[in-house]
Structure formats: C-alpha cells, structure tokens
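Working notes, beginning with the structure itself.
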Amino acid sequence: MALRELKVCLLGDTGVGKSSIVWRFVEDSFDPNINPTIGASFMTKTVQYQNELHKFLIWDTAGQERFRALAPMYYRGSAAAIIVYDITKEETFSTLKNWVRELRQHGPPSIVVAIAGNKCDLTDVREVMERDAKDYADSIHAIFVETSAKNAININELFIEISRRIPSTDANPASGGKGFKLRRQPSEPKRSCC
Amino acid sequence: MDEEYDVIVLGTGLTECILSGIMSVNGKKVLHMDRNPYYGGESSSITPLEELYKRFQILEGPPESMGRGRDWNVDLIPKFLMANGQLVKMLLYTEVTRYLDFKVVEGSFVYKGGKIYKVPSTETEALASNLMGMFEKRRFRKFLVFVANFDENDPKTFEGVDPQNTSMRDVYRKFDLGQDVIDFTGHALALYRTDDYLDQPCLETINRIKLYSESLARYGKSPYLYPLYGLGELPQGFARLSAIYGGTYMLNKPVDDIIMENGKVVGVKSEGEVARCKQLICDPSYIPDRVQKAGQVIRIICILSHPIKNTNDANSCQIIIPQNQVNRKSDIYVCMISYAHNVAAQGKYIAIASTTVETAEPEKEVEPALELLEPIDQKFVAISDLYEPIDDGSESQVFCSCSYDATTHFETTCNDIKDIYKRMAGSAFDFENMKRKQNDVFGEADQ
C-alpha cells in the first residue's frame with residue numbers, strides 16, 4: 001500500500017484549541033489544562049484512506065501565532081491547513097479571515113483548507129452561528145466542520161475529509177528541488193585527500 | 001510585554017536565533033523581537049522578488065522574464081555550510097535539521113591565470129587536474145597524508161612540526177611545496193582570505209584543511225551544503241526551536257529604547273511598553289552607539305539565465321579568486337545557487353560575488369568575478385559596514401553579535417555564538433548545551 005507523507009499546519013488564534021484537536025486525533029486524549037502551545041514540534045499519525053496510507057505530519061505553531069510571528073517555513077510544503085476558531089468567541093471567527101489571507105500569501109497554491117469551529121460542546125455559550133461559518137467556508141471552497149476536542153466530535157471526520165480532498169499524487173508533478181535530511185555521522189569519517 | 005524575562009533578544013539574524021534557541025532550551029525565559037516583518041535580519045532570504053527590487057531601490061520592479069515573484073528566495077549574504085562544520089553540528093544537536101532539507105553544492109572552483117579550475121573532489125580528479133604538475137602532486141599528496149594523520153594530542157604524528165610554534169610557511173617548506181600549491185592549499189582548502197596565516201603557528205591551518213577534507217568526504221562533490229529555500233530557513237528553524245521551549249516571538253516590533261540603570265541593561269521599550277530583562281542579546285543595528293566599525297564587505301547579487309561557464313553546467317558552485325591572482329589583499333568569492341534549490345524561478349541562477357572592501361571603488365574590485373558571470377540579467381549591489389561590539393558585556397549585560405563577514409561559510413559566525421555564550425553563561429560552550437531536554441515530537445515513533 002502506497003504511503004504518502006502529508007504535512008498539515010495549524011492556524012488560528014491562541015487558545016482556540018488547535019493543539020487539543022491534534023492531541024485528540026493523534027493520542028485520543030484531552031487535557032483541559034493544556035498550556036498555550038509549548039513543547040510540541042509536530043505530531044504524526046498514519047491512517048488508511050482507500051488504497052493509500054496517509055501519514056499526517058501535523059505542525060503545531062509553538063505559540064508563534066500569538067504575536068503574528070509564524071515563519072514562512074511553517075507553511076512551506078503543506079498539503080493542508082486547518083484553521084481553527086472557537087465557537088464561543090466571535091473575535092476568533094473574525095480573525096479567521098486574516099489567517100486565510102496569511103495562508104494565501106505564504107502557503108502553497110493548491111493547499112487544502114479546512115475550517116474547524118472548535119468547542120462545539122459549549123452550545124449554550126455559542127457566539128458564532130454554524131450557518132455563518134459554513135457560508136464563509138463554502139465561499140472560499142474550504143472544508144467546514146464544527147468540532148469538540150473535549151468530546152471527540154468530528155475530529156476523525158475532519159482528517160478523513162482532508163484525505164478526500166488531497167489531490168492524488170499524479171496531479172502534483174514535483175516542482176522545484178528535493179533535498180535530503182542531515183543525519184548524524186557515524187564517528188570516524190573515512191579519510192580522503194582531495 | 002510589560003513582563004520580566006531572563007533574556008531579551010533583538011534582531012532575528014542567524015546568530016541571534018541560535019542563541020535564542022540555546023537560551024530557551026536551557027530554561028531561560030526569552031523574548032525575541034525584530035523590527036522587520038520577516039525573520040533573518042541581515043541573514044534573511046528576501047521573498048518575493050519584488051521585495052528585493054524595492055530593497056535595492058530599483059523602481060521599475062522585476063521584468064516578466066523573472067517569473068513568479070514568490071518562487072524567489074534571495075540570500076543577502078552568500079554562504080554555504082561546511083558539511084562537517086560547527087553549524088551542521090549545531091543543527092544536529094538541536095535537531096533543527098528536522099525542519100530543513102539540504103543539497104550538496106555541486107562543485108568548488110579556483111581562479112588561476114584568468115580561467116577557473118575545478119578543485120578536485122576525488123583522487124582521479126586530482127591526478128587529472130591541471131592545477132599543478134605531476135611531481136608537485138606527489139609532494140602535495142605526502143603533505144595531505146601528513147595533515148590527515150596529524151593529531152594535536154599525539155606528538156608521534158608531528159613529524160618534527162611543533163603545532164604551537166612552527167609557522168605554516170615552514171611546514172610548506174618542509175614538504176617542498178611550490179608557490180602554486182601553497183596558494184591553492186591556503187585559499188581553496190584552508191579557505192583563508194589573505195596570506196596573513198603563513199607566519200602564524202600551523203595548528204589552525206592544519207585544522208582548517210582537515211575540516212575541508214572531512215567535509216568533502218561526507219557527501220562528495222564539494223564540502224558544502226545549502227538549505228532548500230535559502231539561508232533564511234536557518235534562523236527560522238532555530239527560532240522555532242526557541243518557541244517550542246517557550247520563547248516569545250514578536251515581529252514588526254520597533255525598539256524605541258534600551259533602558260540602562262547604573263550601566264546595566266534592565267529592559268527594552270517598544271511602542272510605549274517596557275519588557276524587563278537580566279541580559280540582552282542583539283545585532284549591531286540595535287545599538288549603533290555601542291559598536292565600532294571593523295571594515296566593509298561588498299556583495300553583488302547577480303541574476304543569470306545560464307550556469308556559469310566552465311562549471312560543467314553546475315546548478316550550484318563556489319568560485320574562489322585568490323587575492324594574488326588579482327593583486328589584492330583578500331580573496332574574491334562567488335557563490336552560485338539556482339532554481340534547483342527553490343530559491344529562483346525555473347531556469348534562473350543567483351550568483352553572489354563578494355569580498356572585503358580595500359579601496360574607495362569596491363565595485364571595480366569585484367570586476368574579475370563579474371566577468372566570469374556574464375551575461376548578467378540584473379545586479380544588486382550592497383556595500384555593508386562590518387561592526388563589532390565595543391564592550392564584552394560583563395558590566396552592561398548587553399551582548400552584541402558581530403556582522404556577517406566575507407567568508408563563504410559559517411565557522412566565524414559559530415565562533416561568535418560560542419564566545420557570546422561563554423560571556424553570558426560564565427562557562428565554556430559545549431554542544432551538549434544545545435540538546436533538546438524533552439521529547440517534542442508525538443505520535444508514531446519514527447522521526
């Protein structure tokens with residue numbers, strides 16, 4: 001079965017639950033006291049989609065989104081971006097458009113965009129109407145789901161939908177160069193004169 | 001802001017980002033700010049191409065033949081990584097390699113008598129090379145074996161040479177090497193820019209030749225590596241490391257004032273707010289009154305639509321023009337990369353000629369290099385002052401980095417980082433200090 005490595009980057013304001021969504025997906029756990037994002041570089045999970053294995057490499061922001069300091073390398077080469085807002089905070093939906101603009105500016109042209117309205121278990125303090133968010137997502141051809149990392153609602157569905165929307169390999173001819181990862185040298189490099 | 005930090009860092013150049021990463025990994029609370037909206041400062045890769053034209057005040061902007069502006073990531077300083085050098089060690093110890101991909105630079109060339117010659121990367125190439133005659137090659141080979149076997153901790157390897165006292169000139173004499181071989185060794189292998197090293201004790205030169213040959217052995221072709229998407233990826237990678245360990249990042253953040261009390265730094269004022277700190281790290285541009293000028297470098301960024309002639313159509317290479325070939329004191333360098341490294345549009349090459357400025361007409365000084373590059377589609381000329389800090393920070397607790405010099409590698413930058421670390425921490429730098437303290441990749445085991 002073919003394995004495809006897919007980089008996914010997370011976007012959205014501090015505190016909307018980006019890391020919690022990924023923890024639920026990768027580790028199937030939820031920590032309500034999770035700190036603003038510290039200590040996570042990326043998380044990986046492989047799922048089967050039709051005849052392929054999709055290995056998601058999900059990059060967390062490391063908190064650099066707080067003061068709008070995400071680096072271009074964060075977006076580079078991403079197959080998909082998940083932009084998260086908090087349904088209980090209207091302002092996080094308002095700034096969503098800024099994140100979409102940022103993504104259009106720095107992300108790859110054919111990136112799959114998913115919008116996740118998190119904390120949908122808190123409907124009694126909802127500030128963002130589902131219909132409004134879905135209309136916006138449709139207007140930019142983005143995937144839309146409301147999620148609850150806490151109650152494990154729509155998390156797997158979100159990633160299944162991303163798998164569905166990722167263009168097949170053939171549609172993406174390799175543009176630009178491919179490099180390699182540095183590895184530690186086994187000690188005692190062989191001598192050589194030049 | 002309006003908070004207390006252990007360390008505030010100003011400027012997101014490579015030196016500052018590496019130090020920020022080290023401080024965060026070691027548990028310091030770090031605030032890292034840059035007045036620019038992008039990472040990298042003087043060591044950034046400018047994108048899109050329109051920004052480069054703007055920066056160099058070329059008002060008409062890029063012509064359509066340059067392709068999509070976003071395909072360009074143009075380095076401001078021309079450097080490569082030595083494959084066995086200190087920066088690679090820093091990347092490996094910090095695992096910042098996780099965020100980066102590299103390519104081997106395809107060749108190194110040296111200018112002699114108006115032509116360029118490949119610096120041999122294999123024994124076969126060495127035997128075939130016209131850089132030196134056959135009898136010279138045999139003596140040179142003996143010399144290289146001596147260097148390879150030399151161990152400063154094992155006097156049996158010294159063969160009568162005293163690493164702390166014998167000059168490099170005397171070592172060359174011992175092996176009966178001619179002037180051509182000496183020039184080649186000192187400039188194309190030990191990468192000295194001048195000939196001052198000849199009368200210095202030989203240990204440093206031997207170690208530099210070792211670094212070159214060990215770097216070359218690592219991947220072949222050349223001793224140099226280059227990151228896809230440009231050198232600007234390096235500061236971004238180390239900034240990410242710092243952030244993962246709690247560093248706070250702010251871009252587009254002007255610095256109004258650095259606040260000192262009784263000669264010691266206590267904080268930074270930005271947009272009316274004050275962040276307090278115990279120590280400050282910054283690049284020279286943030287404290288112009290506390291640095292002194294230490295020379296100038298000229299860098300001419302050239303966009304080409306062809307590989308450089310006589311490089312076997314290499315899509316990346318270095319050319320060294322030894323100073324005595326062109327009656328100068330310092331070598332001239334060309335670093336060339338291309339669309340193959342995702343730094344230019346398809347079919348385009350970026351060649352940067354650079355050298356230490358010696359006269360009032362620096363552009364004339366680099367003409368021998370520009371002649372090798374013709375025809376040139378577009379030139380961007382930068383003449384930069386080099387700065388170094390006036391004080392060592394022991395009283396002020398302000399630790400300023402040095403400007404990026406004309407070398408085409410990062411060894412001097414890493415030495416600066418180690419020196420600043422030692423002054424800040426009070427103990428010698430050890431690469432072990434850079435290791436990540438906890439796991440920060442989750443999910444499946446392999447990564």
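In case you wondered, yes, glycine gets a Cβ from its N, Cα and C as well.
Record note: among A:7-15, A:16-24, A:34-42, A:106-114, A:34-42 is the stretch given as motif 'Effector region' by Swiss-Prot. Proximity to chain B (Cβ-Cβ distance under 8 Å) holds for the following binding-site residues out of A:Gly12, A:Lys18, A:Gly63, A:Lys119, A:Ser148: A:Gly63.
In the three-state DSSP classification, A:Lys119 (GTP binding site) falls within coil. For the motif 'Effector region' (A:34-42), the model gives a mean pLDDT of 68. Classification of A:Gly63 (GTP binding site) by DSSP places it in coil, neither helical nor stranded.
Neighbour count (other Cβ atoms within 10 Å of the Cβ, all protein chains): 25 for A:Lys18 (GTP binding site).
Listed in sequence order, the residues of the same chain lying 6 or more apart from A:Ser148 (GTP binding site) and placing their CB within less than 8 Å of its CB are A:Asn118, A:Lys119, A:Cys120, A:Asp121, A:Asn154. In the three-state DSSP reading, A:Gly12 (GTP binding site) counts as coil.
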